[in-house]
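What Swiss-Prot records for this protein:
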BINDING   Gly84, Asn115  anthranilate 1 binding site
BINDING   Gly84, 87-88, Thr92, 94-97, 112-120, Ser124  5-phospho-alpha-D-ribose 1-diphosphate binding site
BINDING   Ser96, Glu230  Mg(2+) 1 binding site
BINDING   Arg170  anthranilate 2 binding site
BINDING   Asp229, Glu230  Mg(2+) 2 binding site
Amino acid sequence: MTITPQEALQRTIEHREIFHDEMLHLMRLIMRGDMSPVMAAAIITGLRVKKETIGEIAAAATVMREFANHVEVQDNSNFVDIVGTGGDGSHTFNISTASMFIAAAAGAKVAKHGNRGVSSKSGSADVLDALGVNIDLQPDQVAASIAETGMGFMFAPNHHPAMKNIAAVRRELGVRTIFNILGPLTNPAGAPNQLMGVFHPDLVGIQVRVMQRLGAQHVLVVYGKDGMDEVSLGAATLVGELRDGQVHEYEIHPEDFGLQMVSNRTLKVENAEESRTMLLGALDNQPGVAREIVTLNAGTALYAANIAESIADGIQLAREAIASGKARAKVDELVRFTQQFKR
């Protein structure tokens, strides 16, 4: 027996869970454009108020993956996504995008899934565009990019066309909903390993268990206690780690890895051009907070990708990738490769 949107709304008002098959049905209605905007808005707001459960989020992510334009990657080994939910309000330069180049230089394959900035001054798509990367690739071209360069950027609108059916509702509501946390769960290339930053401490335990249900292999979900959706230099970082089917939650500190705890204030940018300058400075091995934070995050990503045995080992590999110039060379390689597909 399928649930009606009205019954689902009543369930959220009563703070009761919507079950897996029911959530699949409701999400398919939304993604097909078969639910009225009023009902869709009411249900996603109701879910937010009652707080979405692990089961509800996992079901919604399953449907988003169903409707996505997939990128077929042949070799899944050392394959990782580095992504944040955004919405942390920190307005820093694109740390996860910089980390992609370093991780690829150290031997990982990275499928980065991102968009233009909504809550930030510069989304991953904005800074890659500023670097000269052609972000508007077809799925087969992204697959070729991953095979050739070890990196592929999937511009969210190209891979999730069904999201247009809820876009106007989300825009008009103007508040966070379940869709803000679904993006990092719906990598179109199906990367089995992930470094995922989240905007709220409660999401650490939730998102890592959603990834567990979705069959991921090695995932680190992180929240910097200074509010960053990255591994932070300015505070301890909460970590939810999924490995070998088991979840462990713990805290890490910059000092654990011989790094100095420093404020992230100097990492703030106003636009994509400033983000580009800071990113290139870090990859050019210019000493400073930007280089240290991308080293820390890339090192964590290399651990998630199973290239490194530990975060500490990953940091060492990241340092070598920057110092050798290999990380900086990856920027030019991605620009060259993607520009051949310019339409």
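Cβ coordinates are placed from backbone N, Cα and C, and glycine is handled just like the others.
Around Asn115 (anthranilate 1 binding site), the same-chain residues at least 6 positions away in sequence with a Cβ under 8 Å from its Cβ are Gly123, Ser124, Ala125, Phe155, Ala156, Pro157, Gly183. Annotated pair Asp229 (Mg(2+) 2 binding site) and Ser96 (5-phospho-alpha-D-ribose 1-diphosphate binding site), C-alpha to C-alpha distance, rounded: 10 Å. In this view, Glu230 (Mg(2+) 1 binding site) is surrounded by 27 other Cβ atoms within 10 Å of its Cβ, with every protein chain counted. In the structure as shown, the Cβ atom of Thr92 (5-phospho-alpha-D-ribose 1-diphosphate binding site) sits within 10 Å of 24 other Cβ atoms.
DSSP classifies Thr92 (5-phospho-alpha-D-ribose 1-diphosphate binding site) as strand under the three-state reduction. Checked against Arg170 (anthranilate 2 binding site), the binding-site residues Thr92, Arg116, Glu230 differ in C-alpha distance, with Arg116 being the nearest. Of all the binding-site residues in the record (Thr92, His113, Glu230), the one with the smallest CA separation from Gly84 (anthranilate 1 binding site) is Glu230.
The C-beta environment of His113 (5-phospho-alpha-D-ribose 1-diphosphate binding site), restricted to residues of the same chain at least 6 apart in sequence and closer than 8 Å, consists of Asp81, Val83, Met154, Ala156, His159, Gly183, Pro184, Thr186, Asn187, Pro188, Ala189. Around Asp229 (Mg(2+) 2 binding site), a 10 Å sphere centred on its CB holds 29 further CB atoms from the protein chains shown.
When Cα-Cα distances from Glu230 (Mg(2+) 1 binding site) are compared across the binding-site residues Thr92, Ser96, Arg116, the shortest belongs to Ser96. Within its own chain, Ser96 (5-phospho-alpha-D-ribose 1-diphosphate binding site) has Ile82, Val83, Gly84, Lys112, Ser124, Leu195, Gly197, Glu230, Asn297 as residues 6 or more apart in sequence whose C-beta sits under 8 angstroms from its own.
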